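**Q** Pasting the relevant annotations from Swiss-Prot:
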ACT_SITE  His55  active site
ACT_SITE  Asp72  active site
ACT_SITE  Cys123  active site
Amino acid sequence: MSGSSERELAAIVRDLGCGPYFLGTHDKRFPGFLAGDKLACAIVNTAGRETGGVHWLAFGWNPRSRTCYMFDPFGFSDRRLKQIYSFEYEAMLRRSALASSPDRCLSLEQSTQTVQGPDSAACGLFCCMFLHAFVHWPDRPMDGNPTMNLLTGVPNGMLQSPQVLPTLRRNQEELYRFLARHSPYFRSHRAAIEHATAFDKMKQLRVSQ
């Protein structure tokens with residue numbers, strides 16, 4: 001197994017205090033934030049559930065600022081998300097805007113830096129970490145808060161550069177330490193989770209094929 005299961009992510013998110021706001025894990029058909037007056041968040045896969053999943057993203061809705069946050073651990077642009085994963089979220093944003101604001105307008109803020117290594121399978125866990133930041137600091141979840149300050153972002157264009165690998169490896173180590181402090185579920189299943197989400201997991205899978 002590689003990556004994180006929906007059950008694991010839901011358990012960790014609950015441990016991190018996101019339960020009252022968490023709409024669950026979804027595939028690419030996530031309908032959006034339809035109760036527009038409530039703080040809400042979700043973890044969304046870029047693929048259909050029938051495929052087994054490809055890559056996890058996190059979304060948060062702050063009704064006070066009418067802002068939708070999209071966190072991608074790789075920090076890909078809209079164009080690259082569509083190119084690599086065939087993932088489009090415009091329809092979700094339109095549904096959210098219709099439901100959430102009188103003037104049908106909202107702001108989108110998305111991550112632009114890479115915090116995850118190119119062969120890491122920890123995207124779901126990074127999404128859990130972001131949602132902890134979102135529910136505790138909903139006006140500044142991307143950075144400038146104690147949770148996300150544990151990670152160091154690098155420009156997305158350097159994702160495949162050997163010179164940033166030590167930084168991205170440290171990020172994954174910080175991620176595991178953070179979850180070990182805050183999630184009893186992670187502590188109970190740490191060895192299995194770290195094996196399935198290892199920093200070089202995708203490389204391991206390529207070699208074994």
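Any Cβ shown, glycine's included, is placed from N, Cα and C.
Explain the structural surroundings of these features, please.
**A** Cβ neighbour count for His55 (active site) (all protein chains, 10 Å cutoff from its Cβ): 22. DSSP assigns His55 (active site) to coil in the three-state reduction, outside any helix or strand.
Neighbours of Asp72 (active site), defined as other CB atoms within 10 A of its CB across all chains, total 28.
For the recorded site, Cys123 (active site), the DSSP three-state label reads helix. In this view, Cys123 (active site) is surrounded by 24 other Cβ atoms within 10 Å of its Cβ, with every protein chain counted.
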